[in-house]
Amino acid sequence: MFINLIDFPQFLVAFILSSYLYEYLSILYSVTQGADLSHVFCTKDAAAVIKSYSPELIVHPVLEESYSVRDDEKRAVSTKVLAEVARWMERFDCLVVGPGLGRDPFLLDCVGEIMKLARRSNVPIVIDGDGLFLVTNSIDLVSGYHLAVLTPNVNEYKRLVQKMLGSEVNDQDASQQLLALARSIGGVTILRKGKSDMISDGYSVHTVSIFGSPRRCGGQGDILSGSVALFLSWALQSSTAPGDSTTSLSNPMVLGCIAASALLRKAASVAFENKKRATLTSDIIEHLGQSLDDICPAC
């Protein structure tokens, strides 16, 4: 079920789209576990802080928020932002949208246009956090796009179910509801985070419940979005396009979600063994490398 990472080339370029600070966890995962380069497209206010985290990060402070742009400048600024991102898009193996993004209307409008560009360029998109707020209100951004992965938590999943299925979350029939939700969005892959992670691309449902930690400190979802981007990019390099097969385990988007979920749970479990209730997300990050090697030895 797991991807043999030894067989995959290590030249993933992860493109991270965020405006504030939690996105560092997504970036850190992609860098430390195999991404050669990680680009961060962010606001000017966030750029210096993000760049100070690590010299490996390539930071593009091109995004703007409403307070810094006059109404008569918005069209020109939006065009400039899109043109800057377009210069880099063909180099990216994956796009992560959402961790730390915020909900500024002008910023979200620009991000929506960037997501449309990614679709036209056939770049996979992993959507988390405030990116899911954007997508829930503008479902056409991902509808029918088989290279999209949504990673909702409990509340984000609830909003998606209400919007797309017109009902409340049904935990008694969780698998069928997740299957229906993925189908209603046109076959995107959904990783529903919870006590057990559930993954569906509209064909079948897979559950990851191995390992895990009773401590759910903030930031784990941000690590997950970066790891999903990394693993699905590796999987895409060695398989046919998603949607070509009738089995979910032939879909690299599903494989990437399963591998990322299992790894994060393994690292969180080890971190909790050491730190117990004092476990922080930074402790989990420290155990990602060894946990990956425990699951899939490098030699």
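Quick reminder: no glycine exception, Cβ is built from N, Cα and C everywhere.
TrEMBL does not curate its annotations; it predicts them automatically.
As written in TrEMBL, here are the features:
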BINDING   GLY100, ASN153, VAL154, ASN155, GLU156, TYR157, LYS158, ARG159, ASP222  (6S)-NADPHX binding site
BINDING   193-197, 212-221  ATP binding site
DOMAIN    34-295  domain 'YjeF C-terminal'
Fewest other CB within 10 angstroms, which one of the binding-site residues VAL154, CYS217?
VAL154
For each of LYS193, LYS195, count the other CB atoms within 10 A of its CB; which of these binding-site residues has the top count?
LYS193
Is it possible to get the count of other C-beta atoms within 10 angstroms of the C-beta of GLY221 (ATP binding site)?
23
Mean pLDDT for the domain 'YjeF C-terminal' (34-295), rounded to an integer?
89
Within 10 Å of the Cβ of GLY100 ((6S)-NADPHX binding site), how many other Cβ atoms are there?
22
Would you find the one among the binding-site residues LYS158, ARG215 whose Cβ has the most company, meaning other Cβ atoms within 10 Å?
ARG215
At 10 angstroms around each C-beta, which of the binding-site residues ASP197, ASP222 has the fewest other C-beta atoms nearby?
ASP197
